[in-house]
Amino acid sequence: MVVNSSNKEKDFDGNKQMLKEDVTRKSGNNEKKIFPTFSKQRRYGKVRKLLSNRLRILTWIDRYNWKWFVNDFIAGITLGLTIIPESIACALLAGLPARYGLCSAFIGSFIYLVCGSIDTVIMGPTSLVALVSVQFTVGKPIEFAFILTFLSGIVQLIMGCLGMGYIFEFISMPVIKAFSSATAILVMESQIKVLLGIKYLVAGLVESMKTLLSRYQEANYADFVMGLCAIMFLIIFESFEKFSKRSKINGVVRLLFRYLSFSRNTLIVVITAIISYIWLLHNSRIPYTLSKNALSGLPNVTLPQFTVETPEKTYTFWQILTELNVGVFVIPIIGVLTNISIGKLTPKGVVDTNQELLTVGLCNVAGSCVQSMPTSGAFTRYAISKACGLCTPLANLYSGVIVLLALSYLSPYFNFIPEATLAAILICSIFTLLDFKLPWRLWHESKRDFIVWLVCFVVCIVSGVEVGLFVSIIINVLHLLYLWARPEIAVKIQEIDDMQYICVTPGNAIYFPAINHLRDKVLKATAQAKQRIPVVIDCHKISGLDFTAAQGFVKLAGGLRHDTAEPDVALDSSSCQSDNGADGFAGDTLLILYRMQVHLQKLIDNAENLVFCESEEKIREFLTQESLRNGFINLKEHIRASIDLGYKIEIE
C-alpha cells in the first residue's frame, strides 16, 4: 500500500493543531496554558511532602475524628496525672530539685505533638536518662544539667540533619533488652537509699553499694515504712488492671478499676501528701523526708548560661564541655534509643530515626531554655497510652496542659510529697523493664546473642550503662564484620551425567575481606579431590562485588592452573571458547562462574581457565570437554555427547 506524502503532512499538521488546542483553554479573549498549572501542582505537592515529612501533624490532622479525640483526651489526662509524680521522682534521681523535673514535662510535649512520628510516645523526663545524666553531673553545679540538655539537643539535631539514624541499626534487640534490664536494676538500687532515708549522691553501682553498706546505721525507719506502704499500694492497684479484664464484671466497674490502676501513681502521691499536710498541722516536724524546692509558678524562658560561676571556681564553656565528657554523646543516643525501642513495639514497627533525632533534638534545645533535664519517651508512659487506646500524638497536648496547670496552681503542695513515695513510684515503674525470659530463650536458641546480652548486662552493671552500650555496639559491629569477612560458603561434589564437579555456593555478596576465604575453600576442596575436576561457583546469591574481590577471582583461576599438563585432544576453538575469549585451558583446572550478573562480570579480567556460564546445558558442555581432555571419558562417548549438545569436534 502506498501512502501519499502530502496526506501524511496534512495529518501531522492536523494532529499538531489538535494538540495545541488540547493544551490551551480559551476563556473569553484570554488563553490559559495547562502546563504551568501542572507545574504549580507538582511544586505544591513537593512542598507539602517536604513539610509533612518534618511536621508530622500534617499527615493525620486532616483525618482526625471524634473517636480519636475521646481516646487521646482520656489518655492525655491520665498520662498528665501520671507524669507529674514521675517527673519529680526523675529529678531527684538525677540529683536535681523537684521543680526541674516538672519543667521537663511540658515543653517537649508541645513540640512532639507537631513533629513526632511515633503515636505512643509521650515526651518528658525518664528514669533511664536521669540515671545516666547523674553520672556526668554529680558533684557539679546545677547549671551543668541544663547545658547537658542543650548540647544533647544540638548533637541530636546534627545527627538528624546528616541522616545518621542508620547508626541505631547497629543496636540489636538483645542489647536493648540487656541495657533496659541493667538500667532497671541500677535505678532500683539507687532508690534503696531513699527508702532508707540516707542522703548521698555518688556515681556507679559499686561506689553506691559501698557507701550504703558503710552508712546503713543512718537509716530512718519512718522513711522505710512510708516507702514500703507505697510499694504495696502500687502493687495492689496495678493488679486492678488484670481484674478489670474479667468479662463477668459490670462494665462500669471494669472501667472504674481500670482507671484506678492507671492513676495509681497520682493517687499515692495525693494520699501521702495529705497525710504529710495533716501531720504538719499538729506537729512542727515530720518523721520522714519530704521533697523540697518546688517551683512557684512557671519558669522563665531564657538560654542556659554557658559560663558558670561558683564560690570555688568559674567554669568557661570549654571547661564545662570537658567536664561533661562523653555524656554529650551518650545522653542523645540513649534518649533517641528509647523512642526507637518504643516505636518498634508498635504494630507498624517502623521508625523514622532521622525524624526522631530532629524532633527529640528540638525538644531538648527548647527544654534547656526552661531549665529542663534531658527528655525522651518512656516505657511506662507507653504502657499506659497503649492501655488507654491512644491514637495520635495529640495526647501530648493534654498531658502538657496538665503539667502547666500543676506548675501554676499546685506547686506549693508538691513540698508535702514524701521522697520515699517518689522512690516507690520509680521502683514499681522501672520494674517492668526487667526481662529475664529473653536470655533464657537466647541460651537455648542463639548462644551468640546470649553472649552479647550477657556482656552488655554485666558491663552496664559494673561500669555504667554508657560503657555497656558502647561495648555492646562494638561487639555487634565486630560480629557483622566477621560475617562480612567469613560469609557462609557451601562446598560439595555434584554430578551431571556421571561427570563430577566441585560446586561452590557463596551465601551473600563477596567483598575484599571475604575473597581470600573463598579462595582457601576452593583450593582446599580441589586439593582433596582424587582427580582433577572443574570448579563451578554458583554466583546467583552474589549481589555485590568490589574490585579487589574481582581480582581475587582471577587469582583463584591462577591458583587452579597446571601449566605442565598437556592437552590430550585438540578441540575446536568454537567448542570451548569462554566468554572472556580463552581458546583452551592448557591442562588447567577449569573455573566456571555460573549465573553471575553481567555488570559484575565486567569487573573480572580475562583468565585462560576461567569462563562464565548462564545455563546448566553450558555447564554440561564444559564438563564433557574437560572429561575428554583429562581422559575420564573416551572419544566415542564424547562424539555422541557433541551431537547431543550441538557443538563440533575435529578429529585429526
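Heads up, the Cβ atoms here are built off N, Cα and C, so glycines get one too.
No curator has checked TrEMBL annotations; they are predicted automatically.
Lifted from TrEMBL, the feature list:
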type     : residues : note
DOMAIN   : 69-455   : domain 'SLC26A/SulP transporter'
TRANSMEM : 73-98    : transmembrane segment
TRANSMEM : 110-132  : transmembrane segment
TRANSMEM : 144-167  : transmembrane segment
TRANSMEM : 221-240  : transmembrane segment
TRANSMEM : 261-280  : transmembrane segment
TRANSMEM : 317-338  : transmembrane segment
TRANSMEM : 387-410  : transmembrane segment
TRANSMEM : 416-438  : transmembrane segment
TRANSMEM : 450-483  : transmembrane segment
> the transmembrane segment (450-483): which same-chain residues, six or more beyond its ends, come within Cβ distance under 8 Å?
Replying inline: 128, 131-132, 135, 170-172, 174-175, 177-179, 181-183, 185-186, 203-206, 326-327, 330, 333-334, 438-439, 442-443, 513
> Among 144-167, 221-240, 261-280, 387-410, 416-438, which stretch has the most Cβ pairs under 8 Å to the transmembrane segment (73-98)?
Replying inline: 387-410
>> Pairs 6 or more apart in sequence, C-beta under 8 angstroms, 3 or more of them: is that satisfied by the transmembrane segment (261-280) and the transmembrane segment (416-438)?
In response: yes
> Do at least three CB pairs under 8 A connect the transmembrane segment (221-240) and the transmembrane segment (416-438), leaving out pairs fewer than 6 apart in sequence?
Replying inline: yes
> Among 110-132, 221-240, 317-338, which stretch has the most Cβ pairs under 8 Å to the transmembrane segment (387-410)?
Replying inline: 110-132
> Which sequence positions outside the transmembrane segment (110-132), separated from its termini by at least 6 residues, show Cβ-Cβ distances below 8 Å to it?
Replying inline: 54-57, 79, 83, 86-87, 89-91, 93-94, 101, 104, 180, 183, 186-187, 190, 327, 330-331, 334-335, 338-339, 342-343, 345-346, 351-352, 355-356, 358-360, 362-363, 366, 372-378, 381-382, 385-386, 390-397, 399-400, 426, 429-430, 464-466
